[in-house]
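S.K.: Attaching a single structure in structure tokens format; questions to follow.
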């Protein structure tokens with residue numbers, strides 16, 4: 001202690017420099033390290049400058065005419081700005097875009113409002129059902145709003161609706177499948193295994209094709225659900241099969257003493273699962289669940305092969321405007337940013353959930 | 001013991017008749033007969049693998065028996081689910097490894113079953129829980145999680161959790177076997193207190209001091225059968241069966 005104190009008196013600047021030098025030490029310790037550090041620094045600056053040059057310095061940053069873009073050597077953000085409505089909402093009737101925008105706001109707000117464990121009360125379930133009904137009304141129309149068929153839906157709302165509905169409906173299904181696979185009743189167990197293994201064994205693309213092409217051949221028209229609903233069903237059941245196996249992994253990890261103690265207290269099967277087993281099992285598998293859910297967010301983009309217009313398809317459609325040069329890099333960067341924001345915020349949320357669980361164990 | 005139970009005769013708390021259970025070729029229980037009167041305290045001992053845990057776990061049907069009958073408070077244990085949940089709520093059980101619910105606080109551990117099985121309002125369940133946490137002398141831990149408590153404290157919570165259901169019978173399955181030596185006493189003291197209040201208790205344990213202090217009867221099991229039973233003084237001073245003698249010499253000799 002006295003040592004540090006005397007140093008501080010002698011050289012007041014040192015306390016600031018010391019940590020900095022300590023951090024730099026690994027980079028400049030030996031001549032080789034110095035050389036490597038300099039090389040990498042040069043590379044970072046060079047690439048960084050190229051990017052900056054393209055994205056900002058030489059770019060068309062402000063709303064502008066197509067000609068401005070043609071004249072620049074850098075990025076054409078003007079295009080993304082001019083076409084943002086079309087990229088975000090696809091072929092949704094431009095006059096009604098406010099409805100599609102409201103749907104996005106509604107879904108994202110509900111997601112954020114559900115994030116805190118303290119708000120996990122029965123009313124939240126009702127809020128979700130209400131939100132889903134409201135979303136369908138706003139998007140599809142009826143009851144005073146002009147009708148917009150699902151074939152005209154597009155862009156971000158489609159991506160959000162597919163993700164939220166597929167996971168929101170797939171998760172409870174997954175829990176039932178996971179419990180079913182461990183059930184003592186042979187019929188229930190066999191059925192669960194059959195569903196899970198069949199769905200997991202098929203590529204999502206083939207499931208989407210079955211839903212959009214094969215199903216219309218098999219079912220009479222009157223019974224056939226809308227194409228959007230069929231794709232959503234395919235995504236839901238696909239998500240359910242994968243989530244079921246993740247959840248089953250968590251169920252396996254709970255010692256049998258837990259269900260024995262619950263039984264001994266007189267709790268029935270469903271109360272035991274709901275109050276004792278699942279809360280522990282799901283907390284264990286949060287990292288794996290996060291993984292599956294993020295994959296599902298991105299999987300929704302596959303619906304473009306069956307003719308639905310999600311974010312990526314609407315981006316592509318916007319690029320086909322002959323009046324503009326087609327700045328696909330900028331457009332896909334913009335779309336990529338939206339996907340990243342969705343996936344990354346979910347990953348952070350999962351991380352927060354895991355931590356809030358850790359504190360409790362002490 | 002062939003007379004039928006009539007409503008006028010006092011119903012035994014537990015009546016086990018000719019009980020049998022096997023796993024494949026291995027006979028875990030063989031022709032076990034045991035009648036426990038209301039308020040009686042019974043200690044079951046025996047070498048490991050002798051079937052004592054299987055027997056006690058059969059009483060609330062954590063194990064299903066194959067032969068014979070078990071009647072708890074006059075109700076026979078069958079596959080009827082509603083009936084078994086009713087009986088389980090009347091029979092408290094304490095496990096070797098505590099089996100507290102780690103994701104719930106101590107208080108929540110104690111109020112869960114009263115709220116969901118007994119349908120008590122939360123406030124009332126919490127009041128009862130605090131009363132029993134006082135009784136096992138850890139009310140100050142009510143808002144902690146099981147992982148923050150010592151083994152002895154966890155086992156006392158497990159006892160409180162069972163008591164919150166106001167059971168008529170308590171089953172203890174080696175409640176002190178997983179504890180560090182210095183924590184055994186605090187758990188045994190709680191159990192002795194419970195015995196002094198007249199609770200009907202069945203306890204699988206190797207704590208012979210406890211058996212001598214509180215048991216009305218000591219039951220010795222070996223190879224799935226009840227070999228010998230007697231009141232504690234006679235059981236320890238003059239065991240009749242050779243296997244009992246061997247077991248006692250091993251357990252008391254160390």
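We count from 1, first residue shown onward.
For all residues, glycine too, the Cβ spot is worked out from N, Cα and C.
Note that the structure is a prediction, hence the values are computed from the model and not measured.
Relevant sequence annotations retrieved from TrEMBL are reproduced here:
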- A:156-350: domain 'ABC transmembrane type-1' (DOMAIN)
- A:24-45: transmembrane segment (TRANSMEM)
- A:98-115: transmembrane segment (TRANSMEM)
- A:122-140: transmembrane segment (TRANSMEM)
- A:160-180: transmembrane segment (TRANSMEM)
- A:201-219: transmembrane segment (TRANSMEM)
- A:231-251: transmembrane segment (TRANSMEM)
- A:284-312: transmembrane segment (TRANSMEM)
- A:332-353: transmembrane segment (TRANSMEM)
S.K.: Could you check whether the transmembrane segment (A:160-180) and the transmembrane segment (A:24-45) come into contact, where contact means at least 3 Cβ pairs under 8 Å with the two residues of each pair 6 or more apart in sequence?
M.R.: no
S.K.: Please identify the stretch among A:98-115, A:122-140, A:201-219, A:284-312, A:332-353 with the greatest number of Cβ pairs below 8 Å relative to the transmembrane segment (A:231-251).
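M.R.: Checked against A:98-115, A:122-140, A:201-219, A:284-312, A:332-353; highest Cβ contact count belongs to A:284-312.
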S.K.: What stretch of A:98-115, A:122-140, A:332-353 shows the most Cβ pairs under 8 Å to the transmembrane segment (A:284-312)?
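M.R.: Maximum Cβ contact count belongs to A:332-353.
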